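Below you'll find the structure, written out as C-alpha cells, and then a few comments.
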Amino acid sequence: MGFLTVLYLSLAALSVTNAAQIMSAPNGAEVVPNGYIVVMKDDTSKQDFASHRVWVSGIHHNITRRGLDGEGVKQTYDFDNLRGYSGIFDKDTIKDISNDPKVAFVEPDAIISQHVVVQQRKAPWGLSRLSNRKGGRNYVFDSTAGAGVWAYVVDSGVDIRHAEFRGRAVWGSNQVDNQNSDGTGHGTHVAGTIAGKTYGIAKKAKVIAVKVLNSEGKGPTSGIIAGINWSINNARQNGMLHKSVINMSLGGSYSAGLNHATAQAIKAGIFVSVSAGNDNINSNNNSPASEKSVCTIAASTEDDGKASFSNWGPAVDLYAPGHNILSARPGGGSQVMSGTSMAAPHACGVAAYLIAKEGIPGSRACLRLKQLSQPTIHNPGPDTTRRLLYNGSGR
C-alpha cells in the first residue's frame with residue numbers, strides 16, 4: 001500500500017463526521033444502475049485530486065478482488081474551477097468516497113433526454129421571425145453570418161457530410177457509444193438551425209459534433225459533463241474560448257453536477273444555450289435549464305405565443321421559435337420538428353452571429369440577446385419573460 005493511499009485512508013477516517021452529502025435521485029428520474037457523479041470542493045488542487053483518484057482506485061481494486069460488482073471510475077472531469085469523476089460504485093464505496101474531506105457532494109448519474117416532441121410537414125418560419133420585429137417572410141442578416149465562430153453541438157451527433165454544412169462540420173467527441181453518427185436526427189436538425197446554409201442563422205460558422213445522446217435520444221449525466229469538459233478544452237487548445245458557442249438541446253431532472261459543469265463553460269468565455277424543456281412546467285426543476293449563468297430558451301409559436309409544451313418560469317431568459325421548425329436531417333434532405341430543442345439553437349445561432357458581427361465575447365452574448373429582444377410573447381407563463389429573440393437587423 002502506497003503512502004498516498006495510507007494518507008487518504010487516514011484523512012477519510014478522520015472526516016466521517018463531515019461527510020459530503022450523497023444526494024438522492026429526484027422522484028421519477030431514470031438513473032444509471034449504481035452510477036454516481038462525484039464533485040470535489042472548489043479548493044481541491046490537482047495534486048489532491050490525483051491523490052484522491054489513486055485512493056479510489058485502491059478501493060476499487062479491493063472490491064474486485066473480493067468478487068463484488070463495480071466498474072470503478074469511468075470518466076474524469078478537470079475544469080478550471082471544478083474537478084470530479086463518474087463511475088459505477090457499490091454503496092459502501094460511495095460512502096467511503098463521501099467521507100473524504102475534499103469531496104463536495106455525490107449524486108446519482110441520471111439519464112438526460114433530448115427535448116423534441118413532434119414532427120410535422122410544414123414550411124419554416126423561424127428565421128424570418130427572428131430578423132423582423134413585427135414578423136415577415138424574409139430572413140435579414142449581416143454578411144458576416146457567424147464567420148470565425150465555432151459551434152459545439154452537444155447532442156445526438158451530427159451528419160457532418162450533409163450539404164447544409166458545406167464542409168464546415170467536423171466530428172469532435174463521442175461520450176456515449178462507438179457510433180460516430182446521428183442515430184435520431186435530433187443533433188443534425190439542431191446543427192442545421194445554428195449554421196446550415198439554408199435553414200441556419202450563422203451560415204458561416206463551424207459546427208463541431210459532440211455526441212452525448214444515443215440512438216434513443218438518451219445519455220447519462222456523466223457523459224454530458226464529459227462532453228462539456230471536452231468542448232471547453234478543445235476551444236482552449238485552439239484559441240477559441242471567446243469565439244465559441246455551445247448548444248445543449250437536452251435536459252433532465254435537477255443535477256448540481258451538471259449545472260456546475262455548464263457554468264464552467266460560461267466562466268471560460270463560451271456562450272451556452274440550453275432548452276427549457278417540454279413538460280409545460282417550471283424549468284427551475286430541470287438541468288441544465290435551471291443553471292442561472294446559461295441562456296435558457298423556451299419555445300414560441302408562429303403567432304408569438306408560448307408553445308403548449310414549453311416549460312416556463314424565472315429561469316427562462318428568452319423565447320425563440322420552436323414550433324414546426326424545418327431543418328436538416330441525416331442522409332440529406334430536411335424534416336420538421338417541434339420542441340424547446342428547436343428554440344435553443346435559434347438563440348445559439350444568433351449568439352454566434354453577433355459574436356462575429358459585433359466582436360462581443362461569448363460570455364456576454366446572452367446579455368446582448370436580451371438587450372436586442374422584443375417583449376412580444378402574449379402568454380409566457382407565470383413569472384416568465386415576454387421577450388422574443390431578435391437578431392438586431394433593424395427591420
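Including glycine, each Cβ sits where the backbone N, Cα and C put it.
Record note: of Asn229, Asn285, Swiss-Prot gives the feature N-linked glycosylation site to Asn229, with no matching annotation on the rest. The DSSP secondary structure for Asn391 (N-linked glycosylation site) is coil. Among the listed recorded positions, namely Ser341, Asn391, the Cβ with the most fellow Cβ atoms inside 10 Å is that of Ser341. Burial estimate for the glycosylation sites (Asn229, Asn247): highest at Asn247, by number of other CB atoms within 10 Å.
For the pair Ser341 (active site, charge relay system) and His186 (active site, charge relay system), the C-alpha distance works out to 8 angstrom. Measuring Cα to Cα from Asp155 (active site, charge relay system), the recorded positions that fall within 10 Å are His186, Asn247, out of His186, Asn229, Asn247, Asn391.
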